[in-house]
């Protein structure tokens, strides 16, 4: 289309060699030219030349008309007409492509592209593999950057296979690589084009500069843009590229140079949309909103490129946003989002902000959708995650709350000093981990104080509520006081209404704190002050009603709840509180209607609390005494449906899951119910109902021990040891486990706690009756037990007689109480038989016990008498031994005195001279000096005594142990008694003692033997063996003169007496 224009065009005259010349400068209108061409049946190439001339003269309609007429009227009876026909179709197709590219209307654009596709298809039928045809078709495919991009690439590859140096094909390949972000490959194609044609236009350098820029080789990009400007000073792409590079340097000089370049580009082409966009952006940051808006408006109307139009709309949107015209800003942001994809995230982000500014629930949902689109394209975009985290934090959907926590964790991790994100993060953590939320709020306060920002009252209020939840009541009071003090300062400011509302909120939290601190008067005063300041503050009114309810003032509480309904007739909290009042009084039908009223309202049709409460009402109906099984099934089905509805909306609702398990248990699916209760208990350990339900399941499965343990653990964990219902549950398990006494004690305790409860009284009477009947019929029951059983039976009969008249018909059948009363009377008529039997058995047992006691007493007396006799014998023996010892000591002393007196013949003798050591040693060994004063009879007597002693010893039943050898005993005695005479010879001592003791042994042997026999005879009834007594006596008779000898004998005698 850009060939050099001929000066004239020759149209051959039909059937002649003449031609008609048309001057290009003064070519007539299309109709006249078409008449000439049609009349002369001009060849197709002439039609093409004239059409191209119209194109050069920007007469596009005539250009299109000529080509359309040529398709049917051009002459084709010459060689090469197929190629001209293909060129005609390709040229007309290219024209449709250009029109479609410039068209804004999607329908018209599609129409142009479909026409171009048809024409290229017709050209394929004429000549398919012509290079120019393939290049044109491939360029058309480039417009679609989706599936047809690969088709264009294949066609360019086909052309390059035929002509590797085809510059148009290389440029097409470079465009495809650039669009696929293969900047290095695109640069290679541009370089090859440059090598093939060094004198190529500046556009090649511009393409290379763009590739260098995307590859972050800024220096080379600047060189390429500069070279392109050297080749063509009017190259707008190079000017814009250099200006963008300078803008990104962000210094004053570079920005000034960038604006100069944009101005130059604007002077060259005042309709270039890209230049307008950049200039509008510049003037926007200079706060020249009017100029920015005007330039963006021109950019929007001077381009058909969708991305540039999106940027123009974005610039217009933020200009109106800056001016406060949110409606216009919303419109332009919306257009920008329609023109682009989420890859251009700015219009989507600010459009989401506009939706948030509108504030409705549907608008907020639209904003969330937009932010999610951005986050899908840019998963780590912190601003979007921050906004989404804030929006998700306000949602009631647990999954969105979890997503909010995840997003805000990433934001805080990326910027730990972003205290705004930390506040949102702390608000999300309040639902999951209050301790961590409290720590996060403290970090927020530190960051705000570090940068000099005043800590807002809302933060102190949130910290106070968290402290209250964690049980730190003093800290909670301190933070709430800080919040209230700060609010009082701001009440006189321009945001009076907001801080007045916030003040009521802080007061409400302070009142709740006072309730937890048991300062009820202060709490009531605060609630009333809130109501005086804001009579429509329904939460304070409802709390006042709850306090009256807890005091037992039911009517006052009901009036306050109704007052809340006057403020908000659809308040689910007020209706629920009124419904619970009726349920506590056992008015099931009235309470049911209150909860149904909540579910009928549109805004609370899916209220989880109302559904669960209504399900509980239907489940309670199952416990009513009735014989209509179909009715029971209907009640179970209704409860099951309500619990399922709640779980369908919130699969983690533990109260609905607990109710579902209860329904399954009533239907007999105990294993499935136990699994549900176990899962609920794993999810939370603070729900007491699931503990008791698990225990109920254990009872149904006859695991009574586990049930009893579970009941006790639950009552201990939740401090319900005095709750009559819990005590009744435990008593039932004990009853089934046949622990009747403990069951009775448990029911007596429940009776003391709730004396008005007729169910407890019925159960107690039944247990007393069965326990009494069991004791009466038991053969081993004593008189006391039987009399007590009769007394319990009489009491049980009175209880049943009273219950058959005054019992609660809704809890048990009164006829059952009457039957049990009659049964008690029947047993009482036979009670005297059991009493007489027990009395007879008791008398027999008492007589047997007395006889046994008498025999035991007599045996004890005999044993004491024998013990006294033995002790007396032992003492007598001790005295005898002492006397003998004293006598023996006296005799020994006399002998020693006699030995120490020297003979008369030695008195007058003179001492001998000292002899040698050898002689003295012989004299020491001579025994003759010692025996000179003794008679031969005494010596013989000593020898005879030793023989007799040995003979007496051999007469014993068993020889004494070696330590009682007489020889050794004599040595010990002599050693002790003669130790006072140090000059006496040792051998003489031994021999002398042997002679002295032999004369005494003869006399003592008989006496000792007799005493031994007496002692053995006296202890024959004892348990200790005689050998021990014998050993004791031998030891005592062989003891030396020792003060402890008497104690040893007495001690051993005592041991013998203990062995009895």
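Note: Cβ is positioned from N, Cα and C throughout, glycine not excepted.
Automated prediction, rather than curation, is the source of TrEMBL annotations.
In TrEMBL, the feature region 'Disordered' is placed on 842-871, out of the ranges 812-841, 842-871. Matching 466-493, 494-521, 522-549 against TrEMBL, the residues noted as coiled coil span 466-493. Within the model, the repeat 'TPR' (310-343) carries an average pLDDT of 92. Secondary structure of the repeat 'TPR' (688-721) per DSSP, as helix, strand and coil residue counts: 27 helix, 0 strand, 7 coil. Within its own chain, the coiled coil (466-493) has Cβ neighbours under 8 Å at 430, 434-435, 437-438, 441, 455-458, 460, 499-500, 502-503, 506-507, 509-510, 512-513, 516-517, counting only residues six or more beyond its boundaries.
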